[in-house]
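Notes to accompany the following structure.
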C-alpha cells in the first residue's frame, strides 16, 4: 500500500476539514475495509459516546406516540442544526430527512423510527419516562440516537464522500401507524436508490448483528369482528341466539386456516387475542367482539389469509344463526408487507459488518414472525434491515421488546451508529450509478 496516500487519508479522518476533496480517485479495497473500524473508534470516543447516550436519554424521558413526536422531532432538528446538517421538515407530520454530501446522486438512506408505546414504564432509574402511560419499550429512542450518531460520524468525515448523498430518515409512527408509508407518500425517498435500517435485539450478544437475505420479517395485519345474535336469560337459551357460542366456533375454525389450508413450508400465523362479550354470569349478550392478528412471509399468502379470515368469520357466525361484520382496521393499523432484504445489499451488509465486527460476529438468522413498517420502503426501493445485539455478559434475563421492564444496553449505541454510517458511506464509495443525471432532481439546498 502507498503509505503516503494512506497517511493523507488518515489526516482527513482526524482533521475534519470542511473543505471537500475534489479528487475523483477511488479508495483502494484496503482503505474501504478500514472505514468501519475507524468509524467505530470515533463513535467510542468518550465525548461522542457521552453525546449519543445523552441524546438517547433525553428522548427516553419524553416518549411520544405515533404522529405526536413533536418534542422528539424538535430535539433531533436542534441536534442536526448543531452539526451543521441540512434537512427538510416536516414529512408525515413529525418526520425529518437530513442530507450529508454533494446533494447529487447516488442517494442512499439510513432510517430510524421515533415513536413510543402506550404503556407505563416499570424500570426505576434516573431517566425513567416522565410521561405517564407512555414508554420507549421498543428501542426507538436508541434507534433515533444512533441515527444522530451516524449523522455526526458522517458529517465529521464528510470529506471522504467523493460523490453522492446520504439521506437521514427520521420516521414517525412505526408502531402500527404506517409512518413509513406516509413518509414515502410525502416524498421522503426522492432520488434514493437504497435504504438501511436496524432494530435493537435484547436477546442477541453485544457486538453481534444478524439478518438474512430474502424474507426476514412477516407481513402483518389486524382484524376485528362483531358477531351479533339475540341476548336473553342464560337459563332459557332457546329464546336467544348465542353470539358467544358462535364466536367460539369462529375462533376454532380460524385455526384451521393455518393447520389445514396453508402449505406447512409456508409459515403463517392467525391469532385471536381479543374476546369481549357479556358482563353478567346469567345473561347471554346481544353481541361479541373478537380481534387478532395474521401474518405471512409472502404477499400472496397474506392476501389469501385475509380473504379466508373474513369468509370463515361470516360463514361460521351464520351457522349459529348470527350475523358478523369484519373490519381489518386499515385506517388505524395499515397492513405491513413482509420485510424482504435485497440479496445484493445482504452481501454489502456482510462485507461492511464483517470489516467492523469480524465475520464471526455477523450471523445469518431464521425468518421471524415479527413485523416492521420498514417493509414499505422495500416495496419501492432495495432495502436492508438487520438486528443489533445488545445483551451484555450478565446473568440477568433481558426483558423483551414491548415489555414495561425493557432496557437498552447503551454500550450498543456506538456500534449501531458506526455501522449505519459505514453501510451508507461504503455504498456511496462503491456505487456505480447508472441513472442519467438529467432524470435526477438535485437537492440544491445542500
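Cβ coordinates come from backbone N, Cα and C, glycine included.
Feature list (source: TrEMBL):
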- 138, 140, 175, 199, 402: Mn(2+) binding site (BINDING)
- 219-313: domain 'Peptidase M20 dimerisation' (DOMAIN)
- 1-23: signal peptide (SIGNAL)
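Taking a C-beta cut-off of under 8 Å and a sequence gap of six or more, residue 199 (Mn(2+) binding site) has these contacts in its own chain: 139, 143, 372, 385, 386, 387, 388. It is 402, among the binding-site residues 140, 402, whose Cβ has the fewest other Cβ atoms within 10 Å in the structure shown. Other than the site residues 138, 140, 175, 199, 402, same-chain residues with C-beta atoms no more than 8 angstroms from the centre of those residues' C-beta atoms, the Mn(2+) site, are 113, 115, 117, 136, 137, 139, 174, 401. In sequence order, 65, 66, 113, 115, 116, 117, 138 make up the list of same-chain residues 6 or more apart from residue 175 (Mn(2+) binding site) whose Cβ falls under 8 Å from its Cβ. All protein chains considered, the CB of residue 138 (Mn(2+) binding site) has 21 other CB atoms within 10 Å. Summarised by DSSP class, the composition of the domain 'Peptidase M20 dimerisation' (219-313) is 37 helix, 35 strand, 23 coil.
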